[in-house]
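Peer 1: Dumping the structure here so I can ask a few things about it.
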Amino acid sequence: MRAPLLLMVAVAAVAASAAEQDFRSKLFLDEPADPCYEDNAQLRPRRCIPDFVNAAFKRTVLASSTCGAVPTRYCESTGGKAEACQVCDANQAKLAHPATHLTDLNNPNNLTCWRSEPMQAHPYGYQDNVTLVLSLDKTYELTYISLQFCARRFKPDSMAIYKSVDYGNTWQAFQFYSSTCRKDYGKAPRANITKANEQEALCVDVHRADFGSNSVAARVAFSTLEGRPSAADFDNSPVLQDWVTATDIKVVFNRLQPPQQTPRVEPVADDALSSNLLTPLNESDQAGDRFSSFYHYAVSDLAVGGRCKCNGHASKCLPSARDNGQLLCDCRHNTAGRDCEKCKQFHFDRPWGRATLKDANECKACNCNNHARGCRFNMELYKLSGRVSGGICLKCRHFTAGRHCHYCREGYYRDNTKPITNRKACKPCGCHPIGSSGKTCNQTSGQCPCKDGVTGTTCNRCAKDYIQSRSHIAPCIRAPMTSGYDLGSQADTGTAAAAAAVAKDQCGACPAAAKRLNMNKYCRKDFAVLVRVTGREMVGEWVRFSVIVESLFKKPRSNNGANFLRSGPTQMWMLATDLNCKCPKVRTNKSYLVVGDRESSVPGRSGFEVSRRSIVVEWQNEWHSRMRRFQRRARECR
């Protein structure tokens, strides 16, 4: 009893564990909703932006001057109080002050500083340009740029911040700081910002800027939109959107604050200052050189706050699998490009636009009914449509044409049994090259435009009371009038044309034997020839065909014993009524095997006659062997 109980407990525990694991998998594996679309069944697009970040964090900064290439002494002082001096040595990690300290983790309890080389004396103070260049490797929209200076250091008396939007090829002034703005940068220190100069760099008096005192770690922060009139309507201000955009930042230190008094230096009992690291000061050293170690730039943190620029069409930026892992926007709303700055291929039915809170400006696919792979945008058509659609399809396939590939091209018509999106929605007109007056047929019925006297959907036959001519301009002409013609019940018609136009239901059936040839028929008939029909014309009630005799398989003889058929051109006669009833069926530019009787020779006319009793079949090349076999067996004929 105890064993089954333990088994039940174990099974229950396993089931509970499996249920809990399934719940956790669903809880943690479900993908979060895409912030670029509303969380509903329609997935309506909406504006989305990447997270706000410090774009400078752990990025490389290029400094034009960094201490430590040669072990160098630097000192710190506030006012006249002497401070201990130290050594900057790039070859020793604990003594180095590289530019990487500008963008590392900013820990207030353990500040790391970048330090420039000591400044050289100048008649107007310690003056030397030092430049810091930060490459963001991607377009960002910046909110602020912050510089935190190391404590107990002299602050810049003149510095400038520049930005680049083309990865450092060109630079644009972003902000100036100086005690002499007009002299250094040609700017008034208290310039007003209006909509006319929103995209203009300003100059701030360093004494009014919050640089702090030398005894504390001072910070200066430049807000890119502060005081700009259109900042409240940023989405609708292309000027400010361009103003905050940058790919690179450059900080130029032009001049340190001049010292108020000469600092007092006390000796430092440290091996780092031994004579093997520094050249001892001699009696000839000038005072400026003696105290130059006090005057250098020292910055502990460079921060650039902003968002990866995606124009409202992406919620994040991801490293590319190519291009050395460069950041790319994870574009949504059918956009493309590194900054989602354009519509992706085939989505040009409306112009690209930056997403706003009111309109996501999603790119829309062109309507080409599945017949094109490319399209382009036309602003004029877009405006004429009430700003609904401006796409024009390119290189329509499947014999379609039009802005949307919505109708059939010339020479084709719509197959209404198939939707327009079907690749076989257009069928060829097949208009006869001679009988039709053009290649374009009716888009609905497929009816070709026929010449006078020609009929049929493809204009391939003559109409009633018309006969075929030898003219390409007028392929069908009215049948000529003849008097005294008698054709049974229609003797009163009085015209050969009426006889030639006998209705098919009055023709009667053609003899089936007239379409087949065997040895018995070959023996009973008087001649068998292969002819090629080259033309025809009406002669009264007769149709005269111009033919060329290509082969004689059985030579005919006239009643007087002379051959009336020879190889070469001759004439073949046939009643118009028989031709109209297609008994036999004869067409020009075709080759036929004709097997007939000697009595069918036309008296008084050259050539021979064919009738309903004749065998006239369209020639096939494989019949040569059969006809030779008939010729060999001709002696069997009785």
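Even glycines carry a Cβ here, placed using N, Cα and C.
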Peer 1: Would you mind checking which of Cys448, Cys450, Cys476 shares a disulfide with Cys462 in TrEMBL?
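Peer 2: Partner cysteine, according to TrEMBL: Cys476.
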Peer 1: Name the residue from Cys441, Cys459 that TrEMBL records as disulfide-bonded to Cys450.
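Peer 2: TrEMBL says the disulfide from Cys450 goes to Cys459.
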Peer 1: Choose one of Cys408, Cys441: the cysteine that TrEMBL connects to Cys429 by a disulfide bond.
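Peer 2: Of the listed candidates, TrEMBL names Cys441 as the partner.
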Peer 1: When you measure from the Cβ of Cys476 (disulfide bond), how many other Cβ atoms are you left with inside 10 Å?
Peer 2: 23
Peer 1: At 10 angstroms around each C-beta, which of the disulfide-bonded residues Cys448, Cys450 has the fewest other C-beta atoms nearby?
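Peer 2: Relative to the other disulfide-bonded residues in Cys448, Cys450, Cys450 has the fewest Cβ atoms within 10 Å.
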Peer 1: List which of the disulfide-bonded residues Cys431, Cys462, Cys476 have their Cα within 10 Å of the Cα of Cys441 (disulfide bond), in sequence order.
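Peer 2: Matched disulfide-bonded residues: Cys431, sequence order.
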Peer 1: Near Cys462 (disulfide bond), which residues of its chain come within a Cβ-Cβ distance under 8 Å, counting only those 6 or more away in sequence?
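Peer 2: Sequence-distant Cβ neighbours: Gly453, Val454, Thr455, Gln468, Pro475, Cys476.
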Peer 1: Return the count of C-beta atoms lying within 10 angstroms of the C-beta of Cys459 (disulfide bond), excluding that atom itself.
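Peer 2: Other Cβ atoms within 10 Å of Cys459 (disulfide bond): 26.
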Peer 1: What does the structure give for the C-alpha distance between Cys450 (disulfide bond) and Cys431 (disulfide bond)? Integer Å is fine.
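Peer 2: Per the Cα atoms, Cys450 (disulfide bond) and Cys431 (disulfide bond) stand 9 Å apart.
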Peer 1: Across the domain 'Laminin EGF-like' (429-478), what are the DSSP residue counts per state (helix, strand, coil)?
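Peer 2: Helix, strand and coil residues of the domain 'Laminin EGF-like' (429-478) number 0 helix, 12 strand, 38 coil.
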Peer 1: Tell me the Cβ neighbour count for Cys429 (disulfide bond), meaning other Cβ atoms within 10 Å of its Cβ, over all protein chains shown.
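Peer 2: Cys429 (disulfide bond): 25 neighbouring Cβ atoms within 10 Å.
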